[in-house]
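Working notes for the structure below.
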């Protein structure tokens with residue numbers, strides 16, 4: 001009986017379920033952050049276009065700075081959400097920023113959003129709701145000691161080495177030659193860096209819990225927090241640079257849509273390797289999350305791939321009347 005109780009206690013420590021209030025607050029912050037992040041690319045693109053017309057740098061444009069400030073606020077919101085609920089619950093909600101950004105771009109940048117695009121917006125929102133319903137509600141890493149153990153896991157270290165190698169190849173060899181003509185180059189750089197930003201953000205929240213405690217582990221927690229802050233800062237700076245490079249060359253809504261899918265996939269992969277949050281997901285919830293993510297991806301494809309098609313419901317009704 002004593003062994004069973006100890007095992008149950010250990011299992012409870014390894015998988016902590018946040019309170020309903022914390023989950024609701026984290027989800028609310030994540031949704032608002034997604035909408036704010038969805039506006040950043042559009043505002044920055046608008047600032048870049050305005051600056052080009054004037055023949056000046058986009059650093060002098062107030063609209064570009066508004067997008068940059070919005071990006072900073074969105075990242076702060078994401079940080080708060082990641083500290084409250086599991087990563088796999090927050091990251092997919094970035095899908096809400098895609099339809100919001102597309103609608104905003106149709107007004108500010110005059111980018112097309114036809115009936116299929118509007119249907120894609122609806123599907124993206126519906127898929128996000130499915131993801132929320134089926135995502136894990138418990139944390140698998142809840143203490144600094146568990147975090148340090150996960151960070152030194154050979155599987156995660158090997159994954160980081162592969163990511164670093166790919167980033168070096170992309171930044172120093174591929175991006176200079178093919179970045180301005182192939183949108184996937186800049187998207188790959190920014191998405192791979194997400195393998196550092198999101199786990200670092202989550203880790204900072206865990207380490208910060210022990211920093212202000214008067215115990216021997218507080219010094220280790222401070223060192224770990226500073227290292228993760230340095231990694232997070234470098235990752236954000238590099239991402240910021242290549243996001244603006246991409247916006248100078250490509251459509252903002254196309255970049256935002258493809259970026260969401262690739263970024264979310266890689267972040268979920270990194271989080272699954274590091275935090276093992278998927279270990280608490282049953283088969284039904286796993287299939288539900290897969291269907292939700294597929295629905296979101298299909299919605300994003302409808303928003304972007306068919307945006308050049310010029311048709312609406314009125315034209316479809318006329319076509320049906322002619323057929324009759």
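Numbers here mean position along the shown chain, with the first residue as 1.
Heads up, the Cβ atoms here are built off N, Cα and C, so glycines get one too.
Please treat TrEMBL annotations as automatic predictions, because they have not gone through curation.
Among the features that TrEMBL reports, transmembrane segment is placed at 24-43 (among others).
Marked as transmembrane segment by TrEMBL: 63-82 (among others).
If you look up TrEMBL, you'll see 88-109 (among others) marked as transmembrane segment.
Taken from TrEMBL, the feature transmembrane segment covers 116-136 (among others).
Under the heading transmembrane segment, TrEMBL lists 156-176 (among others).
The feature transmembrane segment is assigned by TrEMBL to 221-242 (among others).
Taken from TrEMBL, the feature transmembrane segment applies to 254-274 (among others).
Feature annotation from TrEMBL assigns transmembrane segment to 286-306 (among others).
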Go through the chain and flag residues at least 6 beyond the ends of the transmembrane segment (221-242) whose CB is under 8 A from any CB in it; none is fine as an answer.
-> 68, 71, 75, 144, 147-148, 171, 175, 179, 186, 189-190, 193-194, 196-197, 200-201, 203-204, 207-211
Under an 8 Å Cβ to Cβ limit, what residues of the same chain, 6 or more beyond the ends of the transmembrane segment (63-82), are close to it?
-> 26-27, 29-30, 32-34, 36-37, 39-48, 50-51, 90, 198, 201-202, 204-205, 236, 240
